[in-house]
């Protein structure tokens, strides 16, 4: 690319051109030298280590002492039969669906509201954005107190006769028997979803606002001149144009929610009967508290596969879209 | 038009209600942290403190100061190093493309989405091997390595907006790879560095998984120490809230003063940029 471009400057004499070409090659070599350390680091510490984790996941290393003898898929088979892991799969699914649905809808709605030439718009924006600057640990600690079953928000709710117990509730809504567990919506998960939504809505709001600002004003004007009501302009023109942003928001939120660990660890832990347990927490506890390294590695690989299902197509399509 | 004039007050009502929901945790946090322990009762949660009591801040501050310092020792070098690496990578991948560079870029990007659980076991083995386990430099190393994808992405998108013509004229004047970087790219990268540094600062400060698995006791950064505060038998909620505020303060200050750049980083990090 760069080479072609210099050749277009045809006024250059042949010998200086040759010189420049040589210079460009040394510069290209230098460029390669500068990026090489990063390539090596990523190759080793991302891809190499994933491979190593995969190897551990197929070993018998379930004690303090490393044991790399081959176990095949034994650890995976164990996990899918495991009560706790089955609960984790249910919780991750429920958490991911609820979390993404609320973050997408709330972010989009708030962005449209804030785009109505609202007075004090930047103040509102900052109020919705600031939780993003906080750690999931801080969010977990604060919401643990706010949603404490015997206090906080519950004092209000109790006046209306609602006694939800939040994250200590072990009820499963719409439950039915599935494998070893009761499948359904654990009430306790809703408490964690509220905290996660509080923290991450600003993210989708920011993305939707950027998207709305990128839509040319003429487009809205044109629809209005055609006699469309404000509501119709949004439904027929604006919201369809925001669809690519929705895709991005869903994928980013999905990868956050599939690997969530710190928020739940700080706020509720695994919970009674594992109602708020997720693979991230299970992996941490079984590996670093229980020394079941091979089991922990298998959980990690399953988490990676879940994330890859969303991320790999997204990465490939966004790269293609660029070139 | 009629619809608009009716809906405007309603709109403000919704926005104000939601703002109250977003600010509610902050209110409870501040109020609780300013109460003496005997006033931190379940039924008085929403009430203002009868007297201002800063003792929970004193307690939290004494308990957390070493960990706050650890976090600064971690965040400052890790942020600077990963910003530097990111700018070099972004420069090469936007202005010195080579065969396969786009593929390499995509392969690097994948690294920012992986659950870090999937590299954690080998990473701890590796850090033990080279003697950096349970050290702040070990954590710095980890954050620099896994910061490469996001910083590279941000700088690449940033540099892509600098017109190639500017580089061409410098190259005709005989400037090479390093001179172009030093005299053209770097002076134009100040915003880029601010955005990346704020992003990395916030993320590394807030990070928990690496911190809790790679360090123990006196090497632990602030977030682990905050989590440990609740590990004791009786949870002193006032101290807990004061601690949470202290732990959140550095990133909140950065957000309050440089929020614009924080949001820029957030948008740049969503790949499409």
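Each Cβ is built from the backbone N, Cα and C atoms, and glycine gets one as well.
Per TrEMBL, the range carrying the annotation transmembrane segment out of B:48-69, B:180-201 is B:180-201. Taking every listed stretch (B:12-34, B:104-124, B:180-201, B:237-258) in turn, the largest tally of C-beta pairs under 8 A with the transmembrane segment (B:72-92) is reached by B:180-201.
Residues 28-30, 32-37, 40, 53, 56-57, 59-61, 63-64, 68, 71, 194, 198, 201-202, 205-206, 222-223, 225-226, 229-230 of the same chain, all 6+ positions outside the transmembrane segment (B:237-258), place their C-beta atoms under 8 angstroms from a C-beta of that stretch.
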